[in-house]
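Read the structure below first, then the notes.
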Amino acid sequence: MSTANFVIVLMLGLMCTASQSMRFDLQSGTTKCISEEIKNNAMTLGKYSVDNPHDGSPIPETHKLTVRVSSPQGNNYHYADHVDSGTFAFTAAETGDYTTCFWAPDHKPSTTVTVDFDWRTGVAAKDWSKVAKKGQIEVMELELKKLYDTVASIHDEMFYLREREEEMQQLNRATNSKMATFSFLSLVVCLSVAGLQLWHLKTFFERKKLL
C-alpha cells in the first residue's frame, strides 16, 4: 500500500468516530432526540431532510417537522418550524451533550415520516473540498493537512479525557473520605450505644442487688 493510500485509510478510520449518519422513522405526534458530546470550541455541522413519500410531488404538510438543537445548558443553536429539510452549523461554546430533537405534529390518520440526518463534529465537519479548491494544493498535501487536524483533534481529546479522569479521581477520593468519616462516626455511635447498654444493665443489677 502506498503512503498516500495509507494516509487516506487512516484518515477514514479516524474520522468515522466524529460523525453520525442515520435514517429513522418518526410517527406523527412523537419526538425523537439525538445527543452528541461536543468539546468546547469544536465545530459541528448537521443536515437533515424528510423523504418524500410521493416522488415528483411536493412534500405533503403531514411530513413537515419542527427541529431544535440545544446546548447542555438549554441554549438554542438552531430552531426550524414546519420544514422538510435544513442545515445547522456552529462552534460549541461549552463542553457537553448537545441535543437535536425532531418533532412531528399530530395528524389523523397517523403518518410515518422518514428522516435522513447527518451530524458531523471536529475534523469531519470541515469542508475539505473547498480547502483543496481554494488553495490549489496537491492530493498528498491535502491528506497531510487532514491528518494534521486529526492528530490535533486526538491530542485535544486526550487532554479532555485526562481532565475527566482527574475529576473522577477527585470524586473517588472525596467519596472515600466521606465513607471513612461515616464509618468512624458509625463506630463511635455503636460503641456509645454498647456503653450505655452496659451502664444500664449494671445499674439495673445494682438496684436488684444482684451485684
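Each Cβ is built from the backbone N, Cα and C atoms, and glycine gets one as well.
Annotated in TrEMBL:
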- 31-146: domain 'GOLD' (DOMAIN)
- 1-21: signal peptide (SIGNAL)
- 179-199: transmembrane segment (TRANSMEM)
**Report entry** pLDDT averaged over every residue in the domain 'GOLD' (31-146)
**Finding:** 83
Report task. Sort the residues of the domain 'GOLD' (31-146) into helix, strand and coil with DSSP and give the three counts. Result -> 23 helix, 55 strand, 38 coil
